[in-house]
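This report concerns only the one structure given below.
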Amino acid sequence: MKVTIYTDGAARGNPDGPGGYGTILSYIDSTGVEHIREYSGGYKKTTNNRMELMAAIVGLEALTKPCVVTLYSDSQYVVKAFNEHWLDGWIKKGWKRGKNEPVKNVDLWKRLLAAKNQHDVTFCWVKGHDGHPQNERCDVLATTAADGGNLADDNVVE
């Protein structure tokens with residue numbers, strides 16, 4: 001099945017403020033009917049990058065069988081990690097980057113890799129806040145979650 005996932009993350013007072021993610025999952029079933037699911041959640045203290053990662057994770061983890069996925073994100077951090085093979089280098093170096101510095105958000109990168117490996121995923125960058133309807137909707141989901149009262153603890157903030 002072909003699935004399209006749109007994602008966005010937001011953080012207020014980055015890096016130690018509340019944050020949220022928004023994800024839209026869209027597919028057309030065998031009868032030609034389009035299905036759209038929206039997901040969002042918020043955390044008390046987090047970063048924008050962690051929320052961008054969570055948005056992608058939630059979208060991929062929502063899939064119950066292997067799919068061909070096109071995932072759109074306005075996060076160059078997420079998209080370039082795959083498309084420019086940053087992740088390959090980080091893994092080869094034992095989750096180190098550049099001058100032997102530890103990679104941030106390793107817990108979420110590992111979770112995203114595990115979710116991605118179940119599918120054939122293409123990561124595509126979309127310019128944020130540029131009128132792309134699904135990206136704008138994900139932004140609303142993410143910021144609403146960040147501003148909400150039901151925020152979870154993000155136990156790893158780097």
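Yeah, the Cβs are placed from backbone N, Cα and C, and that goes for glycine too.
Pulled from Swiss-Prot, these are the features on record:
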| type | residues | note |
| --- | --- | --- |
| DOMAIN | 1-147 | domain 'RNase H type-1' |
| BINDING | Asp8, Asp139 | Mg(2+) 2 binding site |
| BINDING | Asp8, Glu52, Asp74 | Mg(2+) 1 binding site |
- Message: Counting other Cβ atoms within 10 Å of each residue's Cβ, which of the binding-site residues Asp8, Glu52, Asp74 comes out lowest?
- Response: Asp74
- Task: Measure from the Cβ of Asp139 (Mg(2+) 2 binding site) and count the other Cβ atoms within 10 Å, all protein chains considered.
- Result: 20
- Task: Would you mind reading off the Cα separation of Glu52 (Mg(2+) 1 binding site) from Asp139 (Mg(2+) 2 binding site), to the nearest angstrom?
- Result: 11
- Around the recorded Mg(2+) 1 site, report the further residues of that chain (criterion: Cβ within 8 Å of the mean position of the Cβ atoms of Asp8, Glu52, Asp74; site residues excluded), sequence-ordered. Thr7, Gly9, Ala10, Met51, Ala55, Ser73, Ser75, Val78, Gly128, Asn135, Cys138, Asp139, Ala142
- Message: Using DSSP, what is the helix/strand/coil residue split across the domain 'RNase H type-1' (1-147)?
- Response: 55 helix, 46 strand, 46 coil
- Query: Rounded to a whole number, how many Å is the Cα of Asp139 (Mg(2+) 2 binding site) away from the Cα of Asp74 (Mg(2+) 1 binding site)?
  - Reply: 10
